[in-house]
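Asks: Below is the structure I would like to discuss, written out as structure tokens.
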Amino acid sequence: MRIAKILLPVSKLFPLDYLITEDLELNIGDLVVVHFRNQELTGIVWELATNSEAKKIKTIKAKVPLNLNISLEVLALIKWMSSYYMSELGSIAKLVLPINIAEKPIKIKEQQVKNYFVLPQLSEEQKQAVTIFNESNKPTLIKGVTGSGKTEIYFHIIADHLMKGQQVLIMLPEIALSRQIINRFIDRFGFEPIIWNSSVTKAQKKMILRGILSDKVKVVIGARSSLFLPFHNLGLIVIDEEHDDSYKQDDNILYNARDTAIVRGVFDKAKIVLCSATPSLETIYNIKTHKYQLVTLVNRYKNIDLPNIEIIDMTKEKLPKNSYLSKILIDAIKGNLENKKQVLLFLNRRGYAPLMLCKACGHRFTCRFCSAWMVLHKATKTLECHHCGYQSKIFSSCPECLEDETLTICGPGIERIEEEAMLLFPKSKIAVISKDHAKTPAKIAQLLHQMENLEIDILIGTQIITKGYHFPNLTLVGVIDADLGSNNAELRASERTFQLLHQVGGRAGRGDSKGVVYLQSYYPDNIIFSYVKVGDEDSFFTNELEIRKAANMPPFSKTASLILSGFSESKILDIAKNIVQIAPKANVKILGPARALMSKLAGKYRYRILIIADKKFNLQQYLKFWLSLIKIPSYCQIKIDIDPKTFY
């Protein structure tokens with residue numbers, strides 16, 4: 001009897017036994033077609049055996065056409081992911097094979113890679129960066145001020161790998177970034193890279209997967225999930241904007257795509273480039289401990305000056321009611337527009353206002369299913385929860401005390417800033433970019449095209465606009481609320497605020513004219529602003545690392561979170577307490593249980609347990625043993641978050 005254990009791309013499934021027919025020759029990693037629950041699926045040959053304990057064994061139907069297979073390197077990555085992030089093999093296989101490629105054959109278009117490329121001349125600083133990268137196999141961080149030409153450096157590195165016939169993966173935190181990168185790529189290399197994201201159709205994904213497996217696809221640009229594409233000849237992984245939180249997946253499998261990419265590079269013997277003007281503290285730590293190497297660019301491309309940073313003390317501003325732009329900022333915008341230059345107004349808050357409340361009884365409009373305020377969206381005339389998507393109408397009277405004309409809104413969102421800008425600058429062409437206003441890559445591309453062609457005078461945006469866009473005529477950036485996010489209790493609040501302000505400021509003055517950035521703040525003495533103002537990220541990183549070390553928090557320790565959720569708060573809390581009580585004794589620190597910052601989400605109450613351990617401690621082994629000591633009832637969902645980025 002010949003048995004193959006087949007790994008199917010089905011959540012929470014382990015490899016299943018199937019019988020191999022006499023005429024079928026199989027190797028580990030081969031892709032096969034099998035019957036599973038009244039359907040035919042593509043599976044991976046995970047293991048070969050001569051016997052099975054299963055009572056009924058189905059027979060493998062066939063091998064996938066063209067003898068396609070998953071490399072041993074990708075299989076090793078699946079095993080590592082399952083072990084490190086404590087997730088089921090089937091769930092991870094679903095990332096590698098997100099669709100069934102065993103259906104009728106599809107013609108695969110081969111990328112026509114030229115043997116020459118039109119690449120611009122690098123500066124001496126950039127040439128030195130390429131040389132340093134080539135001389136070591138360590139992951140290399142290209143750290144440079146915004147506009148220093150980091151993309152051009154990794155384009156030159158990509159060219160070297162394409163000349164060797166290798167496959168290349170370019171990872172972006174948001175696929176919204178891809179249009180400008182794609183256009184620049186086509187200009188340099190003469191062919192269009194493959195895009196891998198959630199908007200790609202099933203038919204396209206099937207074609208792309210087959211193209212990758214057959215080595216006909218050479219370059220892919222994608223977000224998190226592109227990391228798991230089954231390359232056979234992967235030579236280079238570029239992780240652009242490596243600091244970005246979007247690389248961490250916070251649903252289904254909880255994993256960090258940046259960190260996993262480093263591991264994939266080890267398995268595939270692929271070289272790694274990380275790029276950022278504001279690297280993560282983890283990456284800075286890895287450089288200081290000599291795990292990564294550093295390339296620093298101190299000059300903008302063509303030696304363009306960095307923008308001036310001006311901090312506006314909002315405690316000294318006397319703003320009219322429902323106004324959020326200071327006189328200093330308004331005057332600066334007027335001058336900028338008179339000079340035919342573009343303006344970016346940044347506020348990392350969607351909608352019109354973050355809170356509606358009753359002045360009579362104090363009632364706050366919160367989500368029925370979450371512990372979150374409902375955000376007013378004037379454009380759609382709705383109150384919306386940005387966590388679960390619940391919407392309701394805008395009330396004319398208070399539903400609690402029934403009083404009329406007592407409802408008021410607090411604080412601005414970008415829709416409110418748009419309204420104010422339209423009143424102040426009625427002749428200007430104003431556009432808004434956020435997840436609400438640009439829901440598709442095509443819409444984002446349209447807005448970017450309008451900005452590049454000077455069809456927009458004032459662009460108002462959320463965090464989406466901070467991610468690497470290049471607008472040569474944009475010379476003024478106004479940050480409406482520079483305090484937003486810096487005063488909460490999150491471990492990484494200071495780091496995120498510094499990165500965000502530095503990144504958004506970097507959109508200004510990328511052409512021939514010097515830029516200026518205005519930060520509006522009610523706490524102008526915040527030390528973060530002083531680092532941003534002088535561009536001293538090294539001192540910021542040093543100070544932040546000292547704070548983390550004193551608190552024994554990452555990157556100086558390991559952390560994991562257990563998130564328990566369910567519809568009965570008392571039952572979930574009881575289970576959480578029981579879990580903590582039976583924790584095996586070890587050299588770990590256990591905090592909690594405590595309500596999660598988002599204590600209710602989509603109708604479920606949430607409690608969190610945080611575990612802190614030494615970097616050499618086997619946290620996964622400890623958690624596996626710990627959780628085996630208790631049976632979790634079906635009404636309680638438990639998630640394990642290894643290396644949590646947030647504690648919401």
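Every residue number used here counts from 1 along the chain in the order it is shown.
For all residues, glycine too, the Cβ spot is worked out from N, Cα and C.
The ATP binding site annotation in Swiss-Prot covers G144, V145, T146, G147, S148, G149, K150, T151. The Zn(2+) 1 binding site annotation in Swiss-Prot covers C358, C361, C398, C401, and the record cites sequence analysis as its basis. Summarising the annotation, Swiss-Prot assigns Zn(2+) 2 binding site to C367, C370, C385, C388 and lists sequence analysis as the type of evidence. Residues or ranges marked as domain 'Helicase ATP-binding' by Swiss-Prot on the basis of sequence analysis: 131-297. Taken from Swiss-Prot, the feature domain 'Helicase C-terminal' covers 393-548, and the record attributes it to sequence analysis. Per Swiss-Prot, motif 'DEAH box' is recorded for 240-243.
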Asks: Sequence gap of 6 or more, Cβ distance under 8 Å: name the residues on the same chain that satisfy this around C367 (Zn(2+) 2 binding site), in order along the sequence.
Replies: W373, M374, C385, H387, C388, Y390
Asks: Out of the binding-site residues G144, V145, T146, S148, C370, give me the one sitting nearest to C401 (Zn(2+) 1 binding site) by CA distance.
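Replies: Sorting the binding-site residues by distance from C401 (Zn(2+) 1 binding site), the top entry is C370.
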Asks: Rank aside, I only need the closest one: which of the binding-site residues G144, V145, G149, K150, T151 has its C-alpha nearest to that of C361 (Zn(2+) 1 binding site)?
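Replies: For C361 (Zn(2+) 1 binding site), the spatially nearest of the binding-site residues is V145.
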Asks: Where the distance is taken from Cα to Cα, which of the binding-site residues V145, T146, K150 turns out closest to C398 (Zn(2+) 1 binding site)?
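Replies: In terms of Cα distance, C398 (Zn(2+) 1 binding site) lies closest to T146.
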Asks: To see if you understand the setup: which same-chain residues, six or more apart in sequence, place their Cβ under 8 Å from that of C370 (Zn(2+) 2 binding site)?
Replies: C385, H387, C388, Y390, M598, K600, L601, A602, G603
Asks: In angstrom units, rounded to an integer, how far apart are the Cα atoms of T151 (ATP binding site) and C358 (Zn(2+) 1 binding site)?
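Replies: If we compare the Cα positions of T151 (ATP binding site) and C358 (Zn(2+) 1 binding site), the gap is 50 Å.
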Asks: Around the Zn(2+) 1 site formed by C358, C361, C398, C401, list the extra residues of the same chain whose Cβ is within 8 Å of the site's Cβ centroid.
Replies: K359, A360, G362, H363, P399, E400, L402, E403, T406
Asks: Would you report the average pLDDT that the model assigns to the domain 'Helicase C-terminal' (393-548)?
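Replies: Residues in the domain 'Helicase C-terminal' (393-548) carry a mean pLDDT of 90 in this prediction.
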Asks: Specify the count of other C-beta atoms within 10 Å of the C-beta of C385 (Zn(2+) 2 binding site).
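Replies: If we count other Cβ atoms within 10 Å of C385 (Zn(2+) 2 binding site), we arrive at 21.
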